[in-house]
Structure formats: structure tokens, C-alpha cells
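Peer 1: Take this structure, written in C-alpha cells, and hold onto it; I'll ask about it next.
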2 protein chains.
Amino acid sequence: MEKESIESLGEFGLIDRIKSTAVLYDSNNTKLGIGDDAAVIDNGKTYTLVSTDMLLEGVHFDLTYTPLKHLGYKAVAINVSDIAAMNGTPKQITVSIAISNRFDLAAVDEFYEGVNLACEAYHIDLVGGDTSSSRAGLVISVTAIGEVEKDKIVYRSGAGENDIVCVTGDLGAAYLGLQVLEREKQEFLGNPNMQPKIDDKTYVVGRQLKPEGRTDIIHDLNEIGVVPTSMIDISDGLASEILHLSKHSGVGFTVFFENFPIENITLETCTEFNLNPIASIISGGEDYELLMTFKQADFEKIKAIPEITPIGFVTKEKENWLVLNSGEKTKIVAQGWK
Amino acid sequence: MEKESIESLGEFGLIDRIKSTAVLYDSNNTKLGIGDDAAVIDNGKTYTLVSTDMLLEGVHFDLTYTPLKHLGYKAVAINVSDIAAMNGTPKQITVSIAISNRFDLAAVDEFYEGVNLACEAYHIDLVGGDTSSSRAGLVISVTAIGEVEKDKIVYRSGAGENDIVCVTGDLGAAYLGLQVLEREKQEFLGNPNMQPKIDDKTYVVGRQLKPEGRTDIIHDLNEIGVVPTSMIDISDGLASEILHLSKHSGVGFTVFFENFPIENITLETCTEFNLNPIASIISGGEDYELLMTFKQADFEKIKAIPEITPIGFVTKEKENWLVLNSGEKTKIVAQGWK
């Protein structure tokens, strides 16, 4: 019998498989298990949110061009982003690291300097973790604990027909930043005396190396009293996240490329690298912006938050469409981790 | 300038260093950060406990002799043990894995079979995690969430003069089990057709491969209405844990080797491997039993729990002594991860 490979399932297939065998024993307390940006635990007064991410050298980051301080910051920020995606406030974090003997104490200090900076920026407490030696590269595992009032929690599953689809910030820059860094790495490997040519690319490079979780938007939404109907953070790319919301909510999304918030430098970098801008924007991951849907009735209110941009609407039909500037429609298909 | 190495600090030195730079921003909510078996978060009604552990192939486990199902079970059990060490009840768990392409889907299923068995045994919910590819071996990160009533929480810091020092279960077997498995591995590498000779060693091997978190003891203590004054789980070895309780509580421990609960098979295996039984029992880790202290007044009550054995007493002087069967005293010194 041929061995069944993990690749054939893909990341999301594997998660579904793990979820299908998990039994919830404590349904009073566990409100939601596997399958959203964070797990939801009923602590009586509020919901406790739990999200976790593992980052491996050579898979998720390349230390050739990633300063350890930025890596520490990013490891926290991407978990903060998951808590924000449930409309929650991050409160505590645990950070575990496994390090090989090529790292000295100064390297560990630099990493935790980034972790502590992120804790300061998001006002969260580093409360635990694990330290270990590693025979391979650096491994990081972060778990974020957050809180949300029970009537304000937002799942992937709440989008309804005619809701407005919005994103925060701008799209695609982190992916283009990665292209710039990879190019510099190749040139550096060819000529170690070269000077990096990234002065005009600081924006896209910064988006790759130092993303932010959008807790500011969660705060602003709370101020104007609006709760999204569904939400997810954009880690794997807009297309992938649209498909998640579509699947969980049982509706379809139609989004318009002309409405996408994209910085000029992002589009210019696409041209420079001869990359299709549409594919780069819709599939490029790691922006850690929020994709969310709102009731039509809330549309006037959310105009007060300039960093939220409407990009489309929700349909009853469970098909997902990207409308190009020409008016042509293209179906949004699956992406994901392999 | 010479680079400062991580080895020179050791694991506990590194944890102290990380702790010293961590700022707690939310002291209303975060009751205790780094430095005990679990972090303590005040959720209003009760305390939420958070504990996390990372396990790496080639460092923490050897797949030559560790069945993946046992590994999944153990990864959960050792985190359950940390929650128990705070006198808490484990409720939820997240499990992250990074796997290289030499693993097929059957291997992942086997690992999660063990995780799910442990969830069933401890009545806890698998609520999340992360899956990723790995360029090196298997990496596992588990975070356990637990709960404890506010007036029942037990820290490392509560031991007082004249308290009785106790342990649960028996000591040293897991370390001897590891010796047996390592010997079998070496013999197998020399002759792959060999038959394993572990029939008479099932107890010690089982203690290494499938430890249990002592939630049963926590339940029993709750039933008889006794709260330990301090507690820690025995993961790094009895000596190391005694030093932790001593340091955090500001007191000393005197324990008697003749009182230690040790199975005959453990002592016989020491003889067979030509290992000093005292060193093996006091420094051998991974028993995942509980070391705890009780007020004298509770001594009669705890006799009702046969799996709790008194092994010594707490002194005002901050020195830690092991009294041998000969009556000779030997000072307990630091051990730990390097």
C-alpha cells in the first residue's frame, strides 16, 4: 500500500483531519476549539482567547536577512494579530525558543529585546515559555492569551448576505518585501562586499520584517460601537482568507481589485520584479491586516476609521469572485501552505 | 571580546535573565509571570493557569525507541503535570507540530492518537495548535490551560519551617527506563536482527515512555480539604526541584534516602547498569511526580492518600541536605539542563 503523504492533504486538510478526531469533553467551558484564529474559553465573565504559532528557521524565516530583534517582535505581533481577528485584546504571551550552539547570549538577548518591545507596544505581559537546545536551527513557539467581552466576539462564521467586505491598511507589501530581501540575499551570496540596495524599498521590506497586529483597529471599532459580522487576519494571503470566511459563513464574496488599498511602491516593485500585481496582491501573505465584513447599517459609522477600506460585498451564492479593473471576473481559488 | 555562551548560564540562569527584562503591564490581570510551573492569570472568578513545553527530536526524544503514540501522550501529560503542580485542573490544550517530509500521514495520525488518548484520560480539550513543515526533525510545542480556585493555588514559594516534605508515586524509574532503552538502541544498531530484552523492564520503560501527570493526587487532596504549602513537579530530578522550592520559599530541605519511595525493579536496574542508586534517584528526571510540602497539622489527613510519601522536613536554615541510610549527610547541589 502506498503511503499517504501529508502534502496531498495540505495544511488546511491536515487541520481538518486533526479537528475531526478531537473530542471536546468540557463543552461548558470550551466555547470553540480548532478552526478559527483563536480558541475560545468561557471563563464566566468574559471569553479567554488562545492562539499559537510555531516559527522554524529555514521554513518561516531566514536569518541571513532577518535581524533577531525584528524576529522577536514579529513572533509576538503575528499572535497578537490572531487575537485581534476575534475582536479581542491580547493580554499575555508565552514564548518558547530552541537554540543551537551557534547562538551566543547576545543573540538571545537581541531576540528578547524584540519580544519585549512588542510586549510594550501591545501592552501585553510575557508570562512564560520554555528554553531548550536545538540540533538544527532556531525554533520559536508563541502562545497568546487574550480577552473579549462575550457579546463582542467575532468568528469566521458570521458573514451574511449583502454585508460589506473590508480590509485594513494596505495589501501585498509584505510579499514584495520578501522578494526584495531574497534578491539581496542572492546578490550578497554572489558578492559579499556588495552594499544592499533597499533604500527605496524600506516600506515593503519593513512590512515583511516588522508587521503589526491591528489591535488599533479593534480599539477604534470598540470606540464607535461597531462589531464586524466576521473577521480573519491576512496571514496566508487575501484569497486564502476570503475562502476561509466563505466556507465558515456559508456565503460568497465578490471583491473588486480597483478598490484594493495598495501602496504605489508595492505596484512599482511588482513591475521591477516582473510579477503579476493581481496574483501578488491576492496571494501574497504576511500582511497581518484584517479582512472583515460589516452589516450595511454600520457602513456610515466605519467611515470614521480611515484605515478601513471597503473592497466588495457578500452574496448568498457560495462562489467567490475577484472583479478586475476591466470588469472581467475571475474565480478565487484555494491557496495555502504545502 | 569573547562571546558569552548560553551554556555558562545554564537553563535556569537563562530563564532568570529573560524574566529580569520582562515588564508586566497588566498587573490587575497577570497574577504571576515567569518563574513557577505555570503562569497565573486572574480571570475574575478563578485563576487561569498557562504552561508550555517544547520537545525536539534528538534533544528530548529519540524516535528509534519512542512510539509516536506514546510521544503524543507524553507531550500532553508533561504539561498536565505543570498545571497539577499549581494545584490546578487542566482544561484545554494546544498542540503544534513541525514535521519533515520523512513522516507520512499515518505517522501524524499515530501521534494525534496519543494526544487524543491523553485528552480523554485527563478530560481536557484539544482546542488549537499550528502545523508546519520542518527541515530537521519533529518539533512539538504544547500549551496547557488550567483552572484553580483562588484560595487553592499553590506556588513554589509557600514552604515554611517544620513543614513535611512529601513526594507522590515512586522515584527514579523513568531515568532507569531511559538507560534500558538506550542500551537496547545500541545493541539494535550493532545487530538489527536482535530481539529486545525488555520484558522484565516494562515498569521502568513504561515510566519513561508514558508518564502521567498526577491530577489524581490533586483531586484526592481536594477531597480531603488539604492544600499543600508549596509544590513543583519532578521533571528535572528531585535534587533540582528541591533547590527550586528552597530558593523560592527561602527555607531549607532535609530529606532521608531511606524514606524515598523506590520500586525494587528501579534499584535492581541500577545494579545491573552499575549506576549509583543515590545519584540515579536524586538526579534522574522525568518521573513527573509531585514534590510538595504540608503543614504539620495536615499530616494525619494526608495519610488517607497512600500514594503520598513523607520524605523529610523543612528547616529555617536555607541549606538542603540528603541524609543517607548510614546517617551521613550530603549537601544537595545544583543540577539542570546544559
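Every residue number used here counts from 1 along the chain in the order it is shown.
Just so it is clear, glycine is given a Cβ too, placed from its N, Cα and C backbone atoms.
A TrEMBL annotation is a machine prediction, not a hand-curated record.
What you are looking at is a predicted structure, and each value in this text was computed from that prediction instead of being measured.
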Peer 1: For the Mg(2+) 4 site that TrEMBL assigns to B:Asp37, B:Asp82, which of B:Ser20, B:Ser51 is also named?
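Peer 2: Candidate in the recorded Mg(2+) 4 site: B:Ser51.
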Peer 1: What does TrEMBL list, out of B:Glu11, B:Glu272, B:Glu286, B:Glu289, as binding the same substrate as B:His60, B:Trp321?
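Peer 2: So the substrate site in TrEMBL includes B:His60, B:Trp321 plus, from the candidates B:Glu11, B:Glu272, B:Glu286, B:Glu289, B:Glu286.
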Peer 1: Given the binding-site residues B:Asp37, B:Asp82, B:Tyr112, B:Arg156, B:Glu286, B:Trp321, tell me which ones have a C-alpha lying within 10 Å of the C-alpha of B:Ser51 (Mg(2+) 4 binding site).
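Peer 2: Near B:Ser51 (Mg(2+) 4 binding site) by Cα: B:Asp37, B:Asp82.
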Peer 1: Determine which residues of the same chain, besides B:Asp37, B:Asp82, B:Asp233, have their CB within 8 A of the center of the CB atoms at the recorded Mg(2+) 3 site, and list them by sequence.
Peer 2: B:Ala38, B:Ser51, B:Ser81, B:Ile83, B:Ala84, B:Ala85, B:Met86, B:Ile232, B:Ser235
Peer 1: Would you list the binding-site residues among B:Asp130, B:Ser235, B:Trp321 that come within less than 8 Å, Cβ to Cβ, of chain A, in the order they occur in the sequence, writing 'none' if nothing qualifies?
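Peer 2: Out of B:Asp130, B:Ser235, B:Trp321, B:Asp130 lie under 8 Å of chain A.
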Peer 1: I need the CA-to-CA distance for B:Asp233 (Mg(2+) 3 binding site) versus B:Glu286 (substrate binding site), whole Å please.
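Peer 2: Just about 9 Å between their Cα atoms.
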Peer 1: Could you tell me which of these binding-site residues, B:Asp37, B:Glu286, has the fewest other Cβ atoms within 10 Å of its Cβ?
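Peer 2: So among B:Asp37, B:Glu286, the binding-site residues given, the one with the fewest Cβ atoms within 10 Å is B:Glu286.
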Peer 1: In terms of DSSP three-state secondary structure, what is the assignment for B:Ser51 (Mg(2+) 4 binding site)?
Peer 2: strand
Peer 1: Which residues does B:Thr52 (Mg(2+) 1 binding site) neighbour through Cβ under 8 Å, counting only same-chain ones at least six apart?
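Peer 2: Set apart from B:Thr52 (Mg(2+) 1 binding site) by at least 6 residues yet with Cβ under 8 Å, we have B:Asn79, B:Ser141, B:Val142, B:Thr143, B:Ala144.
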Peer 1: Find the shortest Cα-Cα separation between B:Asp130 (Mg(2+) 1 binding site) and the binding-site residues B:Asp37, B:Tyr112, B:Glu286, B:Trp321, and name the residue that gives it.
Peer 2: B:Tyr112
Peer 1: Pick the one among the binding-site residues B:Tyr112, B:Trp321 whose Cβ has the fewest other Cβ atoms within 10 Å in this structure.
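Peer 2: B:Trp321, out of the binding-site residues B:Tyr112, B:Trp321, has the fewest neighbouring Cβ atoms within 10 Å.
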